[in-house]
Every structure is written in C-alpha cells, then in structure tokens.
C-alpha cells in the first residue's frame, strides 16, 4: 500500500545515510591511524624509530564483517520494500486514471467522471500553490484501499504522488495497476513526471483524502 511503501522508502534512505556516515567515520579513523604510525616517532631503547604498519588481520576481519552486516541490512530493507510493492490487497473500489495532453480524467465509482485541468493564475486564491492547483480535485476516503488503473490516450504520461511513494507510467494501449491508500486526512499534490509535450509541466494532480 502507498503509505507503507513511502514509509519503507524513507526508512531505507535513513538507513543508507546512517551507514554511509559510519563508513566515512571508520575510513577517517583508519586514515588517521595509518598516518599517525608513519609520522609519529617513538623512542624505544633510546632509539628513535617509526612504526612500520604493513597489515592487520584485525582491521581486515573487522572491515569484512562490518561490510557484510551493512549489505545484509540494506538487502533486508530492499526485500521488504519489494514485497510490499508486489502485494495485491483487496480494494474497496476502483478508480481509473487516464492521461491526456495536458490534463487528467478520473473515472470514479464506475459512474463519476472528473476532468482535472490546471487553473489559470488569475483564478488563484490566497494560499494556492502555483502550477499545483486544479479546477476539480479527486476526493477519496482515507483508511480505504483503492485500486488505481492508469493509462493514457495520446502519449506516455507518468502519474506521480511523491508523498505516497507512487510513480507509475501511463502508456497508451496499456493499463497499469497500483494500490492507493492514505492513513489520515490530507491533500496530496503531484505532477506528471514524464516529458509528454510542450505543456508537460502543467499537469498537476490533486487528491484530497477525507
């Protein structure tokens, strides 16, 4: 489901950042250790000498084990993300999304047709976001599982809702499917993420969950 996918995506990114920070810290620590063994002079039996650091089984073992643990953690999170992305949940209702140049058409509950176009700047109200406001908003219920069928008529579009972790291509003659779910009331904004013509940047998506 969408909110699960977005949660695991954020969790994966956070894990990568933490692991990369730890790897950078260990690399800096090893470099400082090697540099100190070469530059610092030690007095042994009244003879000044430097440490000759050639190899260390401890460092090799430590680096190998930690690296394997990092890879396993990332693989586990990637497998969970792939698993939730392939799950087929029982949906409450079906919503069809069709992309045109350059607007969206939603077919909801098998009978309602919504044409969603970008509104003119002269019609903006206070607080409206530029290039993200539509004349008709798709209104859905929160805590309800919807199945989206997305397609296109003329060229390839991309139905993208970044905050829900959704990005699916709308291809003419092909119907792609994705599960849509929101855990709370919210207004979700998105745009077409595929170069579909001169007005590609003027195809906003607005979904209001109530």
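Using the three backbone atoms N, Cα and C, a Cβ is placed for every residue, glycine included.
It is 64-84, from the ranges 64-84, 85-105, that Swiss-Prot records as transmembrane segment. Here residue 194 (Cu cation A2 binding site) comes close to 156, 157, 158, 169, 170, 200: these same-chain residues lie at least six apart in sequence, with C-beta atoms under 8 angstroms from its C-beta.
In the three-state DSSP scheme, residue 194 (Cu cation A2 binding site) is classed as coil. Each of the binding-site residues 157, 200 was ranked by the number of other C-beta atoms within 10 Å, and first place falls to 157.
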